[in-house]
Structure formats: C-alpha cells, structure tokens
Amino acid sequence: MESRMRYITYIVRERQLWHYGHVALFPEGEPARKILIVGDPSGWTRPRGRPRNTWLRQIEGHFRRVGLDRVSAWEVANRDPELFRCVLIDTSHPAPSSSGFHYHDIMNGNGNGEIYFNGVQLHVETFATTITATQGSNVTLPCRYFYQPYLIAKRKTRVKWSRLPTNGGPDTDVLVAIGHHHRSYGEFKGRVHLHKDSEGDVSLIITDLRLLDTGKYRCEVIDGLEDESSTVELELRGVVFPYQPKEGRYKFSFEKSVQACEEQDATIATFDQLYSAWEEGLDWCNAGWLADGSVQYPITMPREPCGGINMAPGVRSYGIRHKQEELYDVFCFSSFIRGNVYYLHHPQKLNFTEAKMACEQEGAHIAKVGQLYAAWKFHSLDRCDAGWLGDGSLRYPIVFPRPNCGPLEPGVRTFGFPDKNQKHGVYCYKMT
C-alpha cells in the first residue's frame with residue numbers, strides 16, 4: 001500500500017512560507033516586518049557553527065522555484081495575500097503519488113536541476129475550431145496559454161506551431177519560438193510570426209495564404225517537460241471542380257492527380273471541401289481522388305448510372321484505394337485569386353498557340369482551369385463564349401443561366417479538349 005504522507009521537507013517549506021506571508025501583513029513599524037524588507041544587514045557574517053543557509057535565504061530559494069525574486073514576492077504578499085497563498089504555499093510538494101507536476105527543468109530551473117510545479121496547471125486554448133480565409137490574404141490562427149492558479153512571474157516557454165497531415169505521415173513544422181527569438185520552416189519561412197498582443201497570446205499570423213496552407217494546425221506550449229496543445233482548422237474559401245485529362249476518364253494515379261491539380265493553380269480537394277461543394281449543389285458521376293487517398297463522388301440527383309435511383313443523395317465513397325495501381329479522375333480545389341481572368345477581345349478567332357501568344361502580348365498568361373473556376377465563383381465572371389485555357393481545354397463560365405448558354409444551372413461549361421488547330425476565343429489571366 002502506497003503512503004499518502006508528505007515529505008517533511010514539504011511541510012517545513014509550507015510552514016516557512018506561511019509565516020512569511022503572515023509577518024508581511026504586520027504593521028509597518030514591527031521589527032519582524034522590517035527584517036523581511038531589509039534582509040541580512042550589510043557586512044553581516046554568520047556566527048561560528050551556525051548554518052550557512054539562513055532562514056531568509058531559504059525563503060528566497062522557495063521564491064525562485066516559482067520564478068519570483070524577494071521584491072516581487074513581497075509585493076504579492078502585501079497586495080493579495082490569497083494569491084500569495086495560492087502561488088507559493090499551495091505549490092509546496094505533494095505526496096509522491098499525487099498528480100502534481102514534478103520534472104527536471106530545462107529552461108526554468110532553480111539552479112539545482114529540478115523544478116517542482118505542483119498544483120499549477122498549464123492551459124492552451126485556440127478559441128475557435130475553424131478559421132476561414134481566402135488565398136493571398138493574411139490570417140491569424142488564435143492561441144493563448146495561461147496558468148491556473150495564476151503565476152505572477154513570467155516563465156520561459158517554448159511555443160511550437162505545426163501543420164497536421166491530411167493523409168498520415170509526420171507533422172510539418174511551421175514555427176518555433178522562445179522568447180523574442182523564432183524560426184519558421186519550409187514553405188512558411190518568412191510568412192509566419194507570432195501575434196503576442198497580450199500576455200499569453202501566441203497566435204500565429206500567416207501572410208500571403210497559399211492553397212496548400214489549408215488544413216489543421218497545432219499550437220503547442222512547452223514549459224520544461226510539461227506541454228499542452230490545442231488545434232485549429234484553417235479553411236480557404238474556394239470552389240471544388242472535377243478534373244480529367246485530355247486522354248479521357250479515369251487516367252490518374254493518386255500522385256498524378258495531385259500534380260494535375262497543381263498544374264491548374266489548384267490543390268487536390270479534401271473530403272470536407274467536397275462535402276461542402278455537394279451541399280452547394282455539386283453533382284458529378286465520375287469518381288475522383290481526394291487528399292486522404294480515398295475515391296468519392298457527389299450526387300445530388302440519384303440516377304441509375306450513379307449508384308442507383310433508390311439511393312439517397314450524398315457523397316458516394318469507394319473508400320481508400322491503391323495510390324499507384326488504381327486510376328480515377330480527381331477533385332481539385334481552387335481559392336480566391338490575386339488577379340483578373342478575362343475573355344480577350346480579339347479581332348479574330350485563334351488556335352491554341354495563337355491564343356497563348358495573344359495573352360502574352362497583353363502582359364498576361366493564358367488562364368488555367370482553377371483560375372477560371374475561381375473567377376466564376378468569386379468575381380462572378382459570366383461569359384457565353386467558349387475560350388482556350390492553358391491545359392488545351394475549351395470552357396466558359398456562366399453565372400446567370402440563359403438560352404443558348406448551356407444548362408439551367410450556373411457553372412463552368414466545358415467542350416473537352418478539341419484539336420488545337422481549331423479557332424476559338426481565349427481566357428487570359430493577369431496578376432494585379
């Protein structure tokens with residue numbers, strides 16, 4: 001049976017701190033109170049045979065364990081005796097079987113290699129489960145840490161932000177900070193820093209958001225060997241679109257599908273993004289890869305070739321598939337664009353090569369599929385003229401359906417991949 005008795009040193013420490021707080025409340029003229037303020041007189045030496053460690057020096061050692069000096073502790077004891085009791089007396093050691101923190105100190109030591117942090121809990125909060133932003137903008141992912149009971153003295157903490165993978169694998173380091181020093185990593189280098197607007201604020205600011213920034217982030221605060229963390233999801237407002245190559249249906253392995261989306265200024269969609277698109281009305285009967293390695297497709301109008309007429313509307317799933325051996329289409333995700341997509345007014349129709357050159361002569365580039373979808377979604381681009389795009393496909397965007405402009409629903413219409421010698425219009429993209 002394990003003993004619940006506390007070590008005698010814990011009890012001595014608690015009694016010493018209790019007496020210190022008690023004497024601190026004496027009237028100003030009391031000699032005992034003056035001793036606490038003055039400390040050991042200048043030039044004082046201990047009598048022969050007396051202990052080297054005086055009572056006041058022991059008290060100062062107790063203060064250092066929670067990051068206070070004698071002056072700070074004196075101010076706390078006078079201003080808020082209850083707080084003094086919580087911070088100092090209640091942080092005396094528990095029995096070995098208690099759940100109080102007891103660990104070797106890395107950054108907050110007392111000089112003896114150990115720190116005892118019993119009764120004080122580190123908390124980390126991100127306040128919001130999901131933050132929504134647009135590509136190219138700046139965003140703040142909220143995170144704050146605090147201690148209970150409250151600690152007067154500031155402690156050295158290590159803050160680490162990381163991005164969690166969507167389909168397994170290791171986390172991606174985003175930023176690590178200690179005090180005023182921080183380091184960012186990989187694609188986030190030079191684009192991230194901490195907010196630090198108030199005490200305990202370690203919110204992450206990401207500038208110039210990119211499509212691949214979307215996902216779940218972990219805010220982790222480390223104090224010695226004690227650490228706590230919380231997560232927040234970053235979503236980009238965007239549009240999901242199905243994509244297949246000119247060779248036709250079901251030609252992409254998983255790796256090729258990721259590459260295909262990136263070539264169209266997009267990224268492979270997540271399940272949440274596809275589900276949101278289905279809620280907004282996306283209906284597509286061809287199965288496509290998603291970021292987690294699954295293959296799925298959205299159906300709003302059940303029919304025989306798409307799972308059967310008796311099945312309820314929803315996102316149909318083939319589950320996780322073999323990424324190298326199996327071939328499907330892909331669902332891509334494109335977000336807000338920092339630029340302008342427009343139909344080029346040209347005196348004559350153009351073949352594919354001429355179309356690319358015409359855009360370049362305008363100081364632009366031939367638009368990509370993801371850019372056309374984003375312009376349709378966010379800029380309300382509406383044009384009933386088919387035009388070349390960078391992948392060799394022919395498409396046009398319709399916001400307001402009307403006769404001779406395709407189906408009765410808004411969307412981006414496609415004519416597939418015609419012969420590149422045919423003459424058509426072209427959609428250009430120019431950065432702003």
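Along the chain as shown, residues are numbered 1 onward.
Cβ from N, Cα, C; glycine included.
Automatic, uncurated: that is what TrEMBL annotation is.
Sequence annotations record features per position, and here TrEMBL assigns disulfide bond to CYS285-CYS306 (among others). If you draw a 10 Å sphere around the CB of CYS306 (disulfide bond), it holds 18 other CB atoms from the protein chains shown.
Among the features that TrEMBL reports, disulfide bond is placed at CYS359-CYS428 (among others). The Cβ of CYS428 (disulfide bond) lies under 8 Å from the Cβ of VAL341, TYR342, TYR343, LEU344, ALA358, CYS359, GLU362, ALA364, HIS365, ILE366, ALA367, each of these being in the same chain and 6 or more residues away along the sequence.
Close to CYS405 (disulfide bond) in the fold, though at least 6 residues off in sequence, lie CYS384, TYR396, ILE398, ARG413, each with a CB less than 8 Å from its CB. What TrEMBL records for CYS384-CYS405 (among others) is disulfide bond.
Sequence annotations record features per position, and here TrEMBL assigns domain 'Ig-like' to 125-235.
Per TrEMBL, domain 'Link' is recorded for 239-334 (among others).
If you look up TrEMBL, you'll see 339-430 (among others) marked as domain 'Link'.
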Self-check item: Cβ-Cβ neighbours of CYS359 (disulfide bond) (radius 10 Å)
Solution: 23
Quiz item: Using DSSP, what's the helix, strand and coil tally for the domain 'Link' (239-334)?
Solution: 22 helix, 30 strand, 44 coil
Practice problem: Provide the number of Cβ atoms within 10 Å of the Cβ of CYS285 (disulfide bond), excluding the reference atom itself. | Solution: 14
Quiz item: What is the total of other Cβ atoms whose distance to the Cβ of CYS384 (disulfide bond) is within 10 Å?
Solution: 16
